[in-house]
Amino acid sequence: MEYRRLYIAYGSNINLEQMSNRCPNSKVIGKEMLKGYELEFRGVATIVPNDKSEVPILIWEIDGRDEHSLDRYEGFPNLYRKELFEIEVDGEKKECMAYLMNKGQISPPTSYYYSVINQGYEANGMDTSYLRAALERSVCEQYFDEIQDEELDEDDDLQMKL
């Protein structure tokens, strides 16, 4: 019997065209909301625990070749790690794998990367407000980090003058 596994996409792999190129043997099983997590941008998408949040996900069935391809695209195991989740699919709890980023600072994605994800959300009838909220958080975080860095530089200048 051929190896098959369920894979959770929450970022650019929600985009149907991208996945058909990356993983030609994959097929969409359904879409769900993953509770207790939120979408976060660190230049690229990841999900992070947050009890008060949820994130739209697309569930794919992939084979071993698709998973190997995803491993390369996701920078596994250095950039992303694999984690298992129990998700209800067709009224039944199923084990699904997702890639979660190992480290990184919150920062906005490129406009191209964001548009790839947005196209996937729209094509799959997903609520894009989750995507916009993640973008807004990343832009705010970057802005406040830059302000803090400027304030630190001013403090350094002041200390050097004293």
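Even glycines carry a Cβ here, placed using N, Cα and C.
Here TrEMBL flags TYR7, ILE8, ALA9, TYR10, GLY11, SER12, TYR113 as substrate binding site. According to TrEMBL, the feature domain 'Gamma-glutamylcyclotransferase AIG2-like' maps to 8-103. Per TrEMBL, the feature active site, proton acceptor maps to GLU74.
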Point to revise | Residues of the domain 'Gamma-glutamylcyclotransferase AIG2-like' (8-103) by DSSP state, where helix covers H, G and I | key: 20 helix, 57 strand, 19 coil
Review point. GLY11 (substrate binding site) has how many other Cβ neighbours within 10 Å of its own Cβ?
Key: 26
Point to revise | C-alpha spacing of GLU74 (active site, proton acceptor) relative to GLY11 (substrate binding site), in angstrom | key: 11
Revision key, fill the gap. Most Cβ neighbours within 10 Å, among the binding-site residues ILE8, ALA9, goes to ALA9
Exercise for review: Would you count the other CB atoms within 10 A of the CB of TYR113 (substrate binding site), including those on all shown protein chains?
Suggested key: 16
Review point. Can you tell which of TYR7, TYR10 has the most other C-beta atoms within 10 Å, given these are the binding-site residues?
Key: TYR10
Revision key, fill the gap. On the domain 'Gamma-glutamylcyclotransferase AIG2-like' (8-103), the mean of the pLDDT values is 97
Point to revise | Pairwise Cα distance for GLU74 (active site, proton acceptor)/SER12 (substrate binding site) [Å, integer] | key: 11
Point to revise | Cβ-Cβ distance under 8 Å to SER12 (substrate binding site), same chain, at least six residues away | key: GLN18, VAL44, ALA45, TYR113, VAL116, ILE117, GLY120
